[in-house]
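> I have a structure I would like to understand better, so I am pasting it below and will then ask my questions one at a time.
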Amino acid sequence: MAPMGIRLSPLGVAVFCLLGLGVLYHLYSGFLAGRFSLFGLGGEPAGGAAGPPAAADGGTVDLREMLAVSVLAAVRGGDEVRRVRESNVLHEKSKGKTREGADDKMTSGDVLSNRKMFYLLKTAFPSVQINTEEHVDAADQEVILWDHKIPEDILKEVTAPKEVPAESVTVWIDPLDATQEYTEDLRKYVTTMVCVAVNGKPVLGVIHKPFSEYTAWAMVDGGSNVKARSSYNEKTPRIVVSRSHSGMVKQVALQTFGNQTTIIPAGGAGYKVLALLDVPDKSQEKADLYIHVTYIKKWDICAGNAILKALGGHMTTLSGEEISYTGSDGIEGGLLASIRMNHQALVRKLPDLEKMGH
């Protein structure tokens with residue numbers, strides 16, 4: 001006889017037991033999932049270009065904290081880049097051919113920098129999507145902890161936290177920009193870069209020069225440690241372009257701006273953006289415009305785009321379109337970057353340079 005005179009049928013007992021087992025299973029499976037996540041057993045990415053997409057329930061992240069970690073990541077990656085170059089053991093190999101037919105080179109500097117940068121950011125912000133140039137090998141996974149200290153120069157410029165949904169954030173990492181020049185020991189062109197985009201728009205960028213140990217950073221509507229120069233020459237500009245197609249751009253530039261125009265061949269997109277700014281680095285050349293006419297990857301340009309945008313400058317395709325940092329990892333329409341100039345007037349003035357890159 002059941003208590004209180006209630007009689008339980010065999011069917012009722014079975015239903016009650018099944019409900020109890022269901023509750024226990026739900027609780028236990030949730031506990032196990034949490035433990036697997038804690039110890040990194042939940043499937044770290046093995047893909048070359050991207051980490052896992054952000055979870056829909058990832059909460060929020062603080063852009064000020066992301067800036068601090070991005071600066072640290074760029075510096076840590078730069079330490080690896082410098083160490084490998086100074087050892088003179090690069091383990092250089094080709095990943096294939098670029099669209100222009102050149103070797104797409106990779107070195108130990110690329111790989112080791114990528115590992116430090118990716119896992120520092122991924123450990124600090126596990127719920128955001130991270131896109132990186134090099135393959136992320138799960139066998140080389142590291143847990144690299146951030147001490148949650150924000151540098152004073154960032155606190156001075158960005159005085160309050162800036163929370164955004166984690167699912168809106170995409171991080172773009174270039175662990176070694178100007179690999180070709182790196183293999184040639186042309187050190188001044190080499191940078192490491194981190195960019196954070198929110199809903200596809202670049203909002204913070206970091207460009208670090210490992211061999212001079214100079215770091216530029218900026219946050220849109222936040223602050224920066226770098227500034228524009230006091231003046232630019234719009235009539236006969238100095239134009240910084242890739243070493244591989246300087247002749248192609250020079251011909252058009254002379255026709256457009258006249259014989260006094262100067263073409264500066266250079267390696268690395270990060271270096272070229274810094275050429276437009278007031279950078280206290282004696283090895284850094286100065287330019288008024290940055291033009292690129294061929295296909296380029298977003299991790300090459302996102303950080304520079306964010307810095308220019310934060311300082312009131314512009315980076316667009318050659319036809320004047322804004323660049324979205326979601327979806328595919330490259331853009332076809334070439335680049336025009338400027339600051340303190342009439343950017344759209346420059347777009348209209350230039351001929352269809354993008355067609356020359358094909």
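We number each residue from 1, going along the chain as drawn.
Placed from the backbone N, Cα and C atoms, the Cβ positions cover glycine too.
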> Which single residue out of Glu133, Glu142, Glu213 does Swiss-Prot record at the Mg(2+) 1 site shared with Asp174, Leu176?
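Swiss-Prot lists Asp174, Leu176 binding Mg(2+) 1, and from Glu133, Glu142, Glu213 it also lists Glu133.
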> For the Mg(2+) 2 site that Swiss-Prot assigns to Asp174, Asp177, which of the candidates Asp62, Asp300, Asp329 is also assigned?
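When Swiss-Prot describes the Mg(2+) 2 site, the candidate it includes is Asp300.
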> If you run the three-state DSSP split on Ser242 (AMP binding site), which class comes out?
strand
> What recorded positions among Asp110, Glu133, Asn259 are found with a C-alpha within 10 angstroms of that of Gly268 (AMP binding site)?
none
> Please report the Cα separation of Asn259 (N-linked glycosylation site) and Asp177 (Mg(2+) 2 binding site) in Å, rounded to an integer.
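Each residue's Cα considered, Asn259 (N-linked glycosylation site) and Asp177 (Mg(2+) 2 binding site) end up 31 Å apart.
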> Taking every protein chain in this structure into account, which of the recorded positions Asp110, Glu133 has the most other Cβ atoms within 10 Å of its Cβ?
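Within the set of recorded positions, the most crowded position is Asp110.
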> For Thr179 (active site, proton acceptor), what is the tally of other C-beta atoms lying within 10 angstroms of its C-beta?
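So the Cβ neighbour count for Thr179 (active site, proton acceptor) comes to 26.
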